[in-house]
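Colleague: Copied straight from Swiss-Prot:
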type	residues	note
SIGNAL	1-22	signal peptide
DISULFID	Cys30-Cys56	disulfide bond
DOMAIN	30-143	domain 'CUB 1'
CARBOHYD	Asn40	N-linked glycosylation site
DISULFID	Cys83-Cys106	disulfide bond
DISULFID	Cys145-Cys171	disulfide bond
DOMAIN	145-255	domain 'CUB 2'
DISULFID	Cys198-Cys218	disulfide bond
DISULFID	Cys257-Cys283	disulfide bond
DOMAIN	257-373	domain 'CUB 3'
CARBOHYD	Asn267	N-linked glycosylation site
DISULFID	Cys314-Cys336	disulfide bond
CARBOHYD	Asn377	N-linked glycosylation site
CARBOHYD	Asn435	N-linked glycosylation site
CARBOHYD	Asn436	N-linked glycosylation site
TRANSMEM	517-537	transmembrane segment
Amino acid sequence: MLAEWGACLLLAVALLGPGLQAQAMEGVKCGGVLSAPSGNFSSPNFPRLYPYNTECSWLIVVAEGSSVLLTFHAFDLEYHDTCSFDFLEIYNGASPDKGNLLGRFCGKVPPPPFTSSWHVMSVIFHSDKHVASHGFSAGYQKDVCGGVLTGLSGVLTSPEYPNNYPNSMECHWVIRAAGPAHVKLVFVDFQVEGNEECTYDYVAVLGGPGPTRGHHYCGSTRPPTLVSLGHELQVVFKSDFNIGGRGFKAYYFSGECQEVYMAMRGNFSSPQYPSSYPNNIRCHWTIRLPPGYQVKVFFLDLDLEEPNSLTKTCDFDHLAAFDGASEEAPLLGNWCGHHLPPPVTSSHNQLLLLLHTDRSTTRRGFSVAYIGVVPMNVSCSRTDFQILISTQALAPLERTKVYLGSRSCAAQEVGGNLRIQARFDTCGTESQRRNNTSVIVSVLYIDFSAAGREDIHEYEVRCEPRRKEASVHLLSGSHWLGPYAATAEHLQEAPPMDEAEALEGPVSMVAQDTSDIVFLGLCILAGILMVIAIVVLMLL
């Protein structure tokens, strides 16, 4: 245990090293590592005037698994509208990264209490060469029960989790997003004493100020994923005088760290992209399309911390894709480093991307584009195409919005499908030579345009008539990829047959037609017999 704390303190001193050297140069002793379970600290000379040109850094480190509650007893710094002169900055973690900044403060109004989302918090005090005030005095403690949480993401646990929580506890947390953003709360473990009305031990989640619109949860069934009505979510945990449980663990996400996308196509990126993403975040992006669709994601840029050099696995910062709306869905892929992954496609209408970062080393992050893919069955003969699309996938659309080559070749509704049957000499088909093979090609259009906004999806339909093999490929032109079009030109190339079959939905494969071979053989045989007959006649 002592060795672990020693290593932790060495790490803290290394992180604070540059700040401590700067303070020594100014001749002012301040800052340091605070590792006791609780304590107090203040600006230099407090309560007298603090010195000019001073910068102090405090790193508060408590036992792992705990959190830090920071409160202020006194506060008096030079005032400025943007706190550009003298100021106090509070960071959620060890790194003074903008993404971890909980707030910058000056003037005479004390900052509110702050709770870290893990066991480390940083405080930086800065004064310039003009105007000094009395400074500040603050206190901290570990293992807090409740508090105000303001980071992009973090973890929330019951007291002493995963051990049983104490009796007669009452904890209040306020999770507050910046600006107009919402807060998302996801429970990953839950075991609280239960009864039918949750009147003994419970977790209550309130969507706004006051005890209104609240939901109470108890027992061992995890609560559903909850999203705030506004920019704030309140969580209350209460236990009675007997019978406990393991408690709960939940992740919260806010702002650009949690989004739900429901448009047919779009782009998004990691927080602060293309600048470095913050440390210690866990972000969710959910793509949710109407039933019947699949989601295809293209990676336009990826720059994360490199894999573990020993295990060669993504043990540190990583981006994961799940085939559904939660982390319990099948994993489609897990990536780190800077090599672009291939596109991934969901099997149904939802896909989740998760970004996890640790306490050190940040990079540029990622940028992706996605599009809703319509599963379809395409087959062909030596003379025509047949395309079948389930009406469930295109329920909001009229059949005339689905057409091959031109609007005159619109789909017909047959049973539960939209069907297009088109000869190779109609509907904009053309013959091309690809990989020394003759193929017939046309373009299938699905028009989602509405309210004056054009949105037409294009699929290349391809047939090799001699083998009666058909395939379909998503055509993604650069017009929908925004500023990343130059990096996504490869999307316009059709994938090989097996990739198209795996990623673009079912493709009908028909056995090779041997009638042409038989016909050619008969012609050759007839020619040989004719030559033999002529020779015999000449000999006679």
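Here the Cβ of each residue, glycine as well, is placed from N, Cα and C on the backbone.
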Colleague: To the nearest whole angstrom, state the Cα distance for the pair Cys106 (disulfide bond) and Cys257 (disulfide bond).
Modeller: 28
Colleague: At the Cα level, what's the spacing in Å between Cys30 (disulfide bond) and Asn40 (N-linked glycosylation site), rounded?
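Modeller: Rounded to the nearest whole number, the Cα-Cα distance is 13 Å.
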Colleague: Just name the most isolated of the disulfide-bonded residues Cys56, Cys171, Cys283, Cys336, going by other Cβ atoms within 10 Å of its Cβ.
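Modeller: With the disulfide-bonded residues Cys56, Cys171, Cys283, Cys336, fewest surrounding Cβ atoms within 10 Å: Cys171.
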Colleague: Taking only the Cα atoms, work out how far Cys218 (disulfide bond) lies from Cys171 (disulfide bond), in Å, as a whole number.
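Modeller: That comes out at 15 Å between the alpha carbons.
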Colleague: For the domain 'CUB 3' (257-373), what's the mean pLDDT in this predicted model?
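Modeller: Across the residues of the domain 'CUB 3' (257-373) the model's pLDDT averages 92 on the 0 to 100 scale.
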Colleague: Please report the distance from the Cα of Asn436 (N-linked glycosylation site) to the Cα of Asn377 (N-linked glycosylation site), rounded to the nearest angstrom.
Modeller: 26
Colleague: List every residue in the same chain as Cys145 (disulfide bond), at least 6 positions away in sequence, whose Cβ is under 8 Å from its Cβ.
Modeller: Pro159, Met169, Glu170, Cys171, Phe237
Colleague: Judged by the number of other CB atoms within 10 angstroms, which among Asn40, Asn377, Asn436 is the least packed of the glycosylation sites?
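Modeller: Asn436, out of the glycosylation sites Asn40, Asn377, Asn436, has the fewest neighbouring Cβ atoms within 10 Å.
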Colleague: How do the residues of the domain 'CUB 2' (145-255) split into helix, strand and coil according to DSSP?
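Modeller: DSSP composition of the domain 'CUB 2' (145-255): 1 helix, 53 strand, 57 coil.
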Colleague: With a 10 Å radius around each C-beta, find which of these disulfide-bonded residues (Cys30, Cys83, Cys106, Cys218, Cys257) has the fewest other C-beta atoms nearby.
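Modeller: Relative to the other disulfide-bonded residues in Cys30, Cys83, Cys106, Cys218, Cys257, Cys83 has the fewest Cβ atoms within 10 Å.
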